[in-house]
Amino acid sequence: MNDTSIIILAAGLGTRMKSKRPKVLFELCGEPMIIHILKQAYAITNDVGVVLHYEKELISQKIKEIFPQTKIYTQDLENFPGTAGALKNATLSGKKVIVTCGDMPLVRSTDLMRLANADADIAMSCFEAANPFGYGRVIIKGGKVGAIVEQKDASEAELAIKSVNAGCYCFKREILEEILPLIKNKNTQKEFYLTDTIKIANERGFKCVAVNVSEQNFMGINDKFQLSVAEKIMQDEIKQDLMKAGVLMRLPESIFIDSRAKFEGECVLEENVSIMGACHIKESIIKSCSVIEDSVIEGSDIGPLAHIRPKSEIKNTHIGNFVEVKKGVLDGVKAGHLSYLGDCEIASGTNVGCGTITCNYDGKAKYKTTIGKNVFIGSDTQLVAPVNIADDVIIAAGSTITNDVPSGALAISRGKQENKAGFFYKFFGKNNAEK
């Protein structure tokens with residue numbers, strides 16, 4: 001829809017979140033709520049702007065990382081507070097202008113499209129609320145919107161109305177430009193309300209209609225409890241879509257999946273699995289209580305109780321319980337248990353014994369460990385990086401490897417065992433006959 005502009009209002013302080021962090025940067029399913037609504041906005045137009053004030057630079061930086069083309073506007077909260085005041089400095093360029101909120105991350109592009117396609121000069125979203133407290137009441141007369149009355153300014157009769165303002169609007173641009181300068185702040189909060197556009201539009205004979213929407217999709221987030229409710233809704237949607245696409249989940253209610261994660265082929269997620277960040281998982285099994293972060297997993301089985309940290313690429317590999325991989329590239333490897341494999345590259349056919357550690361950090365910098373094909377690493381081995389282990393190598397159990405190992409070699413680095421006969425009885429002052 002190249003003829004449509006979208007303005008997202010995100011200038012509020014979000015005091016009910018009780019945090020120094022801006023409200024719109026709180027995450028749902030791994031991504032800030034402002035990013036969720038931006039994704040939906042860009043699904044229908046390339047003309048998108050965000051109105052900011054509190055922590056403008058911080059929010060703008062996060063937005064620009066993902067959507068650099070986004071227009072950033074600043075609201076003058078001192079002189080023009082309120083939702084209409086937010087549009088004071090915004091550039092309105094499309095034939096239609098959709099105005100929505102940055103704290104409604106469950107809104108879908110299809111919802112915005114319905115507003116844009118409405119046969120009206122102004123279309124506003126509304127729903128029948130089970131509990132309308134806190135919402136602006138929508139006064140509908142003859143199928144048209146007569147007025148919107150904010151909770152703070154509503155009479156007893158108006159408070160009984162359950163049809164409420166969901167917070168999104170679509171205006172014909174020329175009408176919005178005509179009406180905005182006419183809005184006054186003559187209300188208890190001394191704010192410029194966007195809802196007043198309805199009253200003014202009706203006075204001027206413009207057509208204002210209500211578009212009924214889902215209360216769930218238009219849920220606003222004002223505190224951390226509402227954040228948790230919205231995240232559960234989004235999690236359920238993500239998991240339902242994935243299961244319908246062929247991903248098998250054991251106890252799906254216990255699983256967390258980031259909204260950026262992608263799955264391909266037949267995958268299994270067991271209970272209490274967390275898939276964090278932009279993971280790509282293909283034809284793999286992730287066993288119970290495992291955590292995968294920003295990594296690529298293909299043709300592998302991971303866990304249980306494994307931790308795959310960011311920038312890992314694991315292919316055709318078995319990762320067992322209590323194994324941690326960080327920034328590791330593993331192809332055709334077996335690492336069964338109790339190992340740390342950080343900043344490493346391990347080739348096919350290699351077996352990593354229990355208790356193996358890549359010692360990748362010297363207190364100042366991280367170093368890489370490279371392990372070739374068909375290497376057998378005995379239990380309780382320390383590989384002190386930087387170090388290269390060639391193909392076809394055996395590392396003896398209990399070794400600390402500090403130098404490169406050539407192909408075909410046995411590397412052993414440990415003290416020679418010595419057995420002192422009778423030492424137990426001497427040490428504890430016991431006679432051998434007393435046993």
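Each residue, glycine too, has its Cβ placed from N, Cα and C.
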Original post:
Say Swiss-Prot lists ASN360, TYR361, SER379, ARG414 as binding acetyl-CoA: which of ALA278, ALA306, ALA335, ALA397 is in the same site, per that record?
Top reply: ALA397
Original post:
Taking the Cβ of LYS23 (UDP-N-acetyl-alpha-D-glucosamine binding site) as centre, how many other Cβ atoms lie within 10 Å?
Top reply: 25
Subject >> binding-site residues: ASN165, ASN360, SER379 - member with fewest neighbouring CB atoms within 10 Å >> reply: SER379
**OP:** Could you put numbers on the helix, strand and coil content of the region 'Linker' (225-245), residue by residue per DSSP?
**Re:** 20 helix, 0 strand, 1 coil
Original post:
About how far apart, in whole Å, are the alpha carbons (Cα) of ARG309 (UDP-N-acetyl-alpha-D-glucosamine binding site) and SER379 (acetyl-CoA binding site)?
Top reply: 23
